[in-house]
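Taken straight from Swiss-Prot:
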{"type": "BINDING", "residues": "His71, Asp104, Glu167", "note": "Zn(2+) 1 binding site"}
{"type": "ACT_SITE", "residues": "Asp73", "note": "active site"}
{"type": "BINDING", "residues": "Asp104, Glu139, His352", "note": "Zn(2+) 2 binding site"}
{"type": "ACT_SITE", "residues": "Glu138", "note": "active site, proton acceptor"}
Amino acid sequence: MKIDPVELTKKLISFKSITPRDDGAIEHIAAILEKSGFDCEILEFGDNKTKVKNLYAKYINGVQNLCFAGHVDVVPPGQLKDWISDPFSPEVRDGLLYGRGATDMKSGIAAFITAMVDLVAEKFRFNGSISALITSAEESTEEYGTKAVLKWMESKHKKIDYCVVAEPTSSEKLGDTIKIGRRGSATFELICHGKQGHVAYPDLADNPIYKMISILNRIKDTTFDGGNKYFQPSNCEITTIDVGNSTDNVILDSITAGFNIRYNNMQTPDGLYKLIDEICFSVTNDYKLSMHSSRGAFLSTPDRNTDVMFDAINKVTNIDAVLATSGGTSDAAFIKDVCPVIEFGMINKTSHQVNECVLVNDIHKLTAIYKEFIKSYFYPTNRILNQINVIGNVPDSPLLA
């Protein structure tokens, strides 16, 4: 059986899989893979409020297991009137396929599913096994998505040796960027307390706003680190300040602020919390600090398989990719705990935007790249076996592409 990656992308877009729903996409992919001889496990995790469907599918032909990972869930489309067409009714215009998830990341999933199915149909002799890990909870309820699947795999003694996550990593042209790591994300909420009073009698009140201003200024002036060869310096951005005051003559008794630290592999969430807590305590002891951090910073040191991806990209696109660790978080942060992982996929310019779109021709190119990668992963050429240039050519400056 052979499939058309563009038609599969269209079909996946047609599923209204607003996170954490899959709307039938998981079952559709499983049906395709089962017809090609894959063993498929549809896994549902969740609680009374949320149920998340995931898929782990494996074509068994040996111990070594190459896995492709991705997510079918998408963010909400926003105002429908702003779209040139229905975001869940895929439409091709001037060589571009429009629809929610076209870039992030239904085209990537369609490409690696097609690559695997095509190779099976071509009777390619995998020197090992190939698998797919697909979730419908990357954009939101991550606890029941990839993270839960990996825990299930561990309990069943199922192993992954290497993983490619099909996130849209390219910047300007398909093939220009491979992600070998990501910064972690730590989100803080700080509440400073004071005493309510009349603005005409500040001596009888305790204005918490000044405490918050002092703390946020100290956080802003803090140098967390200087970055390193792979990562830019850790950075904090204030995202909200709220006192909920509807009048102009009252000093309220509390103020809340939110801020996010994107941190590199020199930091840990616990270390950041301790540092922020010390800054708060240096100003006041009447505060409450909380932190949420799920996906940590990670780095997959470039290796032979990075070279395999470089060569596959160059063979199809004639582009020399660069390595990067920039951008937001992804499920690769969970996968890195079980095996080496890289991310490579479509151009990221329209992800999460109105009129999200992808070049139709790029879907075919990405499929070809994944096929080349799979073949060379299992049967590396002598040039790849003797190649160590990727590790030696990592630039001295952080990977900010």
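Each residue, glycine too, has its Cβ placed from N, Cα and C.
Spacing of the residue listed as 'active site' relative to Glu139 (Zn(2+) 2 binding site) is 7 Å (Cα to Cα, whole number). For the binding-site residues listed here (Glu139, Glu167), the lowest count of other CB atoms within 10 A around the CB belongs to Glu139. Distances between the Cα of Asp104 (Zn(2+) 1 binding site) and those of the recorded positions Glu138, Glu139, His352 are shortest for His352. Glu138 (active site, proton acceptor) sits 6 Å from His71 (Zn(2+) 1 binding site), taking the Cα positions as reference.
Highlighted in sequence order, Val74, Val75, Gly101, Met105, Ser351 have their Cβ within 8 Å of the centre of the Cβ atoms of Asp104, Glu139, His352, the residues recorded for Zn(2+) 2, and are not part of that set. Counting Cβ atoms from all protein chains shown, Glu138 (active site, proton acceptor) has 27 others lying within 10 Å of its own Cβ. With respect to Cβ neighbours within 10 Å, the binding-site residues His71, His352 differ, and His352 shows the lowest count. A Cα-Cα distance of 13 Å separates His352 (Zn(2+) 2 binding site) from Glu167 (Zn(2+) 1 binding site). Residue pair His71 (Zn(2+) 1 binding site) / Glu139 (Zn(2+) 2 binding site) shows a Cα separation of 8 Å. Within 8 A of the CB centroid of the Zn(2+) 1 site residues His71, Asp104, Glu167, the other residues of that chain are Gly70, Met105, Gly108, Glu138, Glu139, Val165, Ala166, Pro168, Ser330, Gly345, Ser351. All protein chains shown were included, and the count of other CB atoms within 10 Å of the CB of Asp104 (Zn(2+) 1 binding site) stands at 27.
Rounded to a whole value, the Cα-Cα separation of Glu139 (Zn(2+) 2 binding site) and Glu167 (Zn(2+) 1 binding site) is 12 Å.
Under the DSSP three-state reduction, Glu139 (Zn(2+) 2 binding site) is assigned to coil, being neither helix nor strand.
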